[in-house]
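To start, the structure itself, in structure tokens.
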Amino acid sequence: MVKIGVLGLQGAVREHVKAIEASGAEAVVVKQVEQLQEIDGLILPGGESTTMRRLIDKYHFMEPLREFARSRKPMFGTCAGMILLANKLIGYEEAHIGAMDITVERNAFGRQKDSFEATLSIKGVGEDFTGVFIRAPYVVDIADDVEVLSMHNGRMVAVKQGPFLAASFHPELTDDYRVTAYFVEMVEEAKMKKVV
């Protein structure tokens with residue numbers, strides 16, 4: 001059984017833990033840098049990206065998170081987590097973790113009051129997935145090796161690049177665990193490759 005961490009500084013941590021466990025993996029809430037060494041994959045949950053960055057800096061997580069990405073262990077960023085994984089952010093000088101060759105626009109779907117749900121088709125996951133968008137970012141540009149998994153109204157809302165997955169929406173806020181199960185499979189495959 002693979003062990004998947006959820007960065008536990010802010011955001012929908014409990015919901016991600018439930019989704020991971022429902023998908024047949026062990027979940028760990030990561031609150032200390034040392035825990036990164038014990039896990040096979042990591043979810044960066046939604047929340048407020050500037051607050052999350054402040055907490056990441058306060059608890060000295062940034063360089064260990066970049067090191068985790070360099071080790072090519074799978075990472076999945078949802079909403080604010082997508083912003084953390086992007087290597088370019090519209091209107092900002094500096095990326096955060098910068099593991100994915102994507103350009104992201106923050107709060108692109110509007111503010112909290114503009115939150116909405118949309119039915120999505122997600123490559124590798126299936127049809128009729130309810131995406132919960134809360135002040136959601138979206139991807140405006142990608143490198144050639146980034147795969148677009150889902151679009152909404154002509155905007156890229158789920159992308160994959162190697163061991164990295166990012167979604168504008170919150171898959172953990174529904175009882176449909178297919179997106180989390182997709183990430184669990186990515187982690188299982190990556191772990192098997194390391195063993196071989």
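Glycine too: its Cβ is placed from the backbone N, Cα and C atoms.
Among Arg14, Arg72, Arg106, only Arg106 appears in Swiss-Prot as part of the L-glutamine site alongside Gly47, Glu48, Ser49, Ile134, Arg135.
Considering only the active-site residues Cys79, His170, Glu172, the residues lying within 10 A of Arg106 (L-glutamine binding site) on a C-alpha to C-alpha basis are Cys79. Of all residue pairs in Gly47, Glu48, Ser49, Arg106, Ile134, Arg135, the annotated binders of L-glutamine, the farthest apart have Cα atoms separated by 12 Å. The subset of active-site residues (Cys79, His170, Glu172) lying with their Cα within 10 Å of the Cα of Ser49 (L-glutamine binding site) consists of Cys79, given in sequence order. Residues Gly47, Glu48, Ser49, Arg106, Ile134, Arg135 make up the record's L-glutamine site, and a Cβ search at 8 Å around their centroid adds Gly46, Cys79, Ala80, Ile83, Asn107, Ala136, Pro137 from the same chain. For Arg135 (L-glutamine binding site), the spatially nearest entry among the active-site residues Cys79, His170, Glu172 is Cys79, judged by CA separation.
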